[in-house]
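To start, the structure under review is shown below, and the notes come after it.
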């Protein structure tokens, strides 16, 4: 009866863990469509890959079929995620991810396995150490999203914190916690307590910041106020610097009157369009008069 219950809980845990593994699929589909990783980070996926690799090694030592199956799938899928990330990441992010994968997923994992296989002869001791290391990195998997949590709090947006990943991560932590208790495997049960706490924290943040309109309205109002103040300051500076609206004085008025009374010079002819032809009176001179007649002269 107990074995059947343990197996049933393990199956449920595998299903939920599989959903957790598939939760970032929309995220990486978005990366593929936009050909850009935007603000997404590779650290959680590299840590998740290392955790799956360590648990796979632990499952091989303990002959736990349920842990073996789900962590094999986890290694494959997390590797695909990192491959997609490397294809579309900027140069700096790609270089950082490559260094991280080489140092952590290759060098560190190889060092752990080699040390346990070569230096620890007792099988029970090897299982205990492998379980402790696996539990430590399982905690790192749950702590890795803290960078995303900080980003959510700073930007007041859950755009880069996938909801379904947080949701299924929380459920998976609950199920694997009970699986560890039933199996009396505290290396499995202990890290999932922290996983439950961080999962609940992410769910709370999602509820608080899920309304982008409300958050953007506050941000837009503050931004609009800053723009308004800045515009007023710029307007005041323009008014002070512009000679067209400089304060008037007596000398300026006199100069303006003299300039208005001065006739147009040949160098500046008046614009014909500005003349009202209806108000112009043309002075036409009269026709020339004939010269007066000479008086008649009588001839004697």
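Along the chain as shown, the residues are counted starting at 1.
A Cβ is built for glycine as well, from the same backbone N, Cα and C atoms used for every other residue.
Membrane sidedness, as given by the topological domains in Swiss-Prot, is identical for residue 63 and residue 125. Sequence-remote contacts of a segment are chain residues at least 6 beyond its ends whose Cβ falls under 8 Å from one of its Cβ atoms, and for the topological domain 'Extracellular' (121-128) they are 58, 61-62.
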